[in-house]
């Protein structure tokens with residue numbers, strides 16, 4: 001037996017030891033713990049606003065911290081900032097590349113970012129002295145498409161890419177400060193922890209990873225999915241996160257327990273998940289699907305509590321407002337819908 005085989009064997013035995021330790025510590029399940037909880041009943045939401053203006057598939061959206069404005073990115077080559085109360089377009093920004101896959105709103109409300117098949121993250125300043133929106137910085141450096149980006153603040157942004165890495169960038173200098181390496185497939189999504197000290201990523205290697213932003217290292221890896229992970233989102237308290245995958249399941253992972261707590265699936269659901277978001281309390285998990293619907297899951301009981309049906313094509317993105325009062329869905333049908 002050569003050295004490589006013996007190392008493989010050693011790695012397997014270590015993995016099994018970790019599995020056994022997890023099992024030993026797992027004295028209850030989420031479903032058992034949730035038996036005494038009152039069921040939440042049927043969740044019925046209505047479309048309160050329809051945002052019309054994009055001329056092609058919408059690929060991404062992100063709410064601003066004011067819970068009023070949101071940014072969306074479409075294949076029509078436009079980034080639109082909307083006022084969701086009035087449905088007015090605050091800004092319509094023409095992009096240099098129409099192959100956009102992600103967009104993000106800075107916490108301050110002063111900047112938006114986007115990127116895609118141009119392999120870079122473009123930052124736009126919404127609050128210039130002249131009143132026009134312009135590119136304030138382009139961040140090239142990834143060797144593959146940009147799948148997701150999220151601002152830490154006005155000068156730092158985290159990106160994920162098809163080059164199997166994530167990156168932390170200094171916007172002022174335009175340089176990548178940290179590269180987060182470890183995934184063995186395209187990284188499709190990321191979610192920042194509420195305290196912004198860590199983030200979680202989901203990738204085509206069917207695993208999710210938790211990263212320490214300051215140390216630049218992977219702290220934990222969460223296997224379990226059987227296909228690409230397309231979406232991740234932190235639980236509101238930062239102690240857990242949910243994933244959505246092409247294997248037609250969403251899953252809840254607990255960081256402290258270092259394992260999967262629940263799986264959200266249904267025999268009738270056979271298509272992939274594109275996007276996930278929690279309600280403000282975390283009791284509801286909203287997930288967008290390839291079958292044009294958005295399913296609402298009871299996080300604790302792992303049961304479906306409702307369906308948001310209204311789009312005529314794939315639901316590609318969704319987001320819950322900071323104040324928890326509304327959810328927006330974006331679709332390949334070119335419309336955004338705001339529900340509550």
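Glycine too: its Cβ is placed from the backbone N, Cα and C atoms.
The shown structure was predicted, so the numbers you read here are calculated from the model rather than taken from an experiment.
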Site from 29, 191 that Swiss-Prot describes as phosphoserine, others unannotated there: 29
Considering the repeat 'WD 3' (141-179), which listed stretch of 53-92, 95-134, 224-263 counts the most C-beta pairs under 8 Å: 95-134
Neighbouring C-beta atoms (10 Å sphere around the C-beta of residue 29 (phosphoserine)): 12
